[in-house]
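Feature annotations, reproduced from TrEMBL:
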- Ser599: active site, schiff-base intermediate with substrate (ACT_SITE)
- 1-22: compositional bias 'Low complexity' (COMPBIAS)
- 30-158: domain 'C2' (DOMAIN)
- 186-221: domain 'EF-hand' (DOMAIN)
- 222-257: domain 'EF-hand' (DOMAIN)
- Ser599: pyruvic acid (Ser) (MOD_RES)
- 1-26: region 'Disordered' (REGION)
Amino acid sequence: MGHGSSKSDSSSGDSADGGSKPSRMRRLGRRLHLHSHHFRRRSRAHTTGSHSYTSKILKEEDFAGIALIRIITAEMKFKDKWLVCISLGEQTFRTHVSDQTDKPTWNSEKKLLLERHGAHIARISVFETNRLSKNNLIGYCEIDLLEFLSQDSSSDTEVFDLLDPSSSSTVGRISISCCIEDPVDTEKSFVRRILSIVDYNEDGELSLAEFSDLIAAFGNKLAAEKQEELFKQADRNGDGVVCLDELATLLAIQHEKEPLINCCPVCGHVLEVSDGLNSMIHMTLCFDEGTGNQVMTGGFLTEKEASSGWMFKLSEWAHFSTYDIGLRSGSSASHILVYDRRKKRLVEEIIDRKIVLSMRAIYQSKFGLGLMDNGAKEILRSLSEKQGKKMDSAESAKEIPNFIEFFKGQINMDEVKYPLEQFKTFNEFFIRELKPGARPIAFIERDDIAVCAADCRLMVFNSVADSIRFWIKGRKFSIQGLLGNEACSSAFVNGALVIFRLAPQDYHRFHFPVSGTIEKFIEIPGCLYTVNPIAVNSKYCNVFTENKRVVSIISTEYFGKVAFVAIGATMVGSINFSRKEGEYVKKGDEFGYFSFGGSTVICVFEKDSIKIDEDLLENSARSLETLVSVGMQLGLSIKKD
């Protein structure tokens, strides 16, 4: 079909020989194939463990609408080939690469699900693409999509400054269009999209034949058996065709009785027939936007993955590397993804590739374990001592700019208390203080609410059993082994475990998570293994119970006793405390700092004393660390007197 009017389709569709039926169905198949190909291409992340709209159940009160974002053009300070990535929650999309220019144009768009209590800050990042394996991040901006719900503007296009990732300077400007469909508009748009698939002659109306093809695509056998009855029910004005409004009315009325749509006609996903909202959201996002602009490529978890050059994509295709949520042990542990709690999106931790390879060689193999057992522990200790002395020398200060550049975008110099030129050694910069108020403390007057003790990647578990199941793979890890005989009590053995892992780029001062009195400090000698997840997830060593550490016991009113364990690591031979035994402290107060390197703090709460925040538990159950800051809420006291 597709030539002539929809009404003529009706008669041919009812012919006895049904000769036109295969032709129509082939055409429908071709149209759905185009959508299906696009869907598969942009949904690779959905098969690698990340949550997606195909599996997440959204409540009606949480649905804010569908955001349609269009990246239009930009003005940059130099000529190059450019691409743009947009990240929201656990999904990242990218545009095509522009021509060589300082005024790139993309006209590329993406539809995103917007939740009232979910991720709503979209990060737009612009990359130059003059490298084979790694493209350079030049500038970014962030857009709060929920603000567009309340905007009263005649235009949905705005120009945003692009900020340098390491400073607040402007490196360009980008023009972005963003409009938010409310639920009513989304439903109308969805029906319009469905109609366009089977409206072969594009006259905005469905004949009986076209309507029958649509019902068949919905996968509802019962509805297919009474398609003529449904067609007459939809054709409210009796003109022999079903228009957009009539189809929308039919779907709405039928949903209350017996939903027509059993599966998505694009990807074949089986839909919950009792959940019209999520079915509509799924299919709206599954269908192409259909505005004539290029649709962004999806299936990425982070902007770093999305912006990678062809050499990385070749290594990923050959299984030399992999992007996934959670950390896999062995050779595939090449990327560490964490969930940014404030921005509600996935980010990749920056680690030197040579260090990753060496850590895997040492901590993920029996050969590496053999090295540890035959003197490598002493080598690490000696290396840490020498590196510590080097970082305290005046000559080390010249490494500070290189360090900031390597961790571009992950060190905010605007928060640092003193100007850069005031740091005379690298270690002075590494243990830098922040400006007052840079880390607000959640519910500061309420001692029954515990807070995060460090800027870090956080893992939380209600018990040691959970931590072993989801994260710690070391040999015979136990609370008694962690705390030692002097500090451990039966109340700690089955208590909650909170792991604050500091990476080199983090602010390296740690703070009190609770208010109380410091009862005692206990020093436990040990090794200086790295505390990187590649080592923590190794089954060949136990970094937490074998490393040098200091255990302090804090007596509190609301949480009972809390064990605070500061753990040394490679390059961190010194753990420094700024408070003494017998002092009463308030949550959020500074407790101490680590010198150069990565390091970890572990807090052990007594059994049934704390209800840890649900979002932190959910991430940890997925073996996904949460990026948090000092003072963020950790959990609520549930200890009974």
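Easy rule for this one: first residue shown is 1, then count along the chain.
Yeah, the Cβs are placed from backbone N, Cα and C, and that goes for glycine too.
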Could you tell me how many residues in the domain 'EF-hand' (186-221) are helical, how many are strand and how many are coil under DSSP?
-> 24 helix, 2 strand, 10 coil
Go ahead and report the DSSP secondary structure tallies for the domain 'EF-hand' (222-257): helix first, then strand, then coil.
-> 26 helix, 2 strand, 8 coil
Could you give the mean pLDDT over the domain 'C2' (30-158), rounded to a whole number?
-> 78
Hey, what's the Cβ neighbour count for Ser599 (active site, schiff-base intermediate with substrate) at 10 Å?
-> 29
